Amino acid sequence: MGTDNQTWVREFILLGLSSDWDTQVSLFVLFLVMYIVTVLGNFLIVLLIRLDSRLHTPMYFFLTNLSLVDVSYATSIIPQMLVHLLAAHKAIPFVSCAAQLFFSLGWGGIEFVLLAVMAYDRYVAVCDPLRYSVIMHGGLCTRLAITSWVSGSINALIHTAITFQLPMCRNKYIDHISCEILAVIRLACVDTSSNEIAIMVSSIVLLMTPFCLVLLSYIQIISTILKIRSTEGRKKAFHTCASHLTVVVLCYGMAIFTYIQPHSSPSVLQEKLISLFYAVLTPMLNPMIYSVRNKEVKGAWQKLLGQFSGLTSKLAT
């Protein structure tokens, strides 16, 4: 396994949010309910898109991918956190910790790239609507989705490999709710500057680059919207982007705050709250945002509920 001074640990202890039993039980109930809402909300969005032919467009193809990523990201963290909230010994094996870091980083990276792809889709829809179906054809949409999944997965694999090669010197207490990369790196008993540089580089490539592409897309979108003469036209164009823009603000903001400057990273409590935000709150809110802010999704919901109500009435009679 290594020398006495530099050795691999077999398991880690996650300190979590609180050591108070009553608080842990309350948090367990809260997070369990939120996780159930997250899973149901995102799978209902996917089901709705599959059932309604009016939603078989590039925008909703990417939304399907986003919903699957959200559920997967939440599942990589929340079930383990729920178990630990009720467990006396909050241990996670070395391999499980590495797997959790890989999957959480992977899903997070995929989401950032996917949001940039969705911004490009909105850019084409608003700025070049007559050629939208020609530009955003099925082949391009598939390639863009695959690019999102592959880039996020490769980034996660690289970081997981270099993080878990660090000697921990028997440090096994992770002051976090999960095996988050900055929390794991803090356990190392060697210089981790190369890891921090790697985080910085990947943050620029996988976080700031997509963010800049989103920013450029929306500059063009806003410029085009302002040129529309009719108020109704401007309102319609804005509504096509409102849901995506809301999700972008939620997802990119705290990630930039957390990962761009590891040396001046937030406090441990802030890191835990940010992780909770991404694992619990964002995946739960995304389907709600698209359901409430999007007229097409609301219309599809009304149609589906109407069909269900009609079927129920027939069965009752």
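Glycine is treated like the rest: Cβ placed from N, Cα and C.
Any TrEMBL annotation is an automated prediction that lacks curation.
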Suppose you had to name the range TrEMBL annotates as transmembrane segment; which of 140-162, 163-185 would you pick?
140-162
State the residues, same chain only, that lie 6 or more residues beyond the ends of the transmembrane segment (140-162) and have a CB under 8 A from a CB inside it; answer 'none' if no residue qualifies.
58, 61-62, 65, 98, 101-114, 117, 120, 181, 194-195, 198-199, 202, 205-206
Cβ contacts the transmembrane segment (25-48)/the transmembrane segment (273-292), at least three under 8 Å, sequence gap 6 or more:
yes
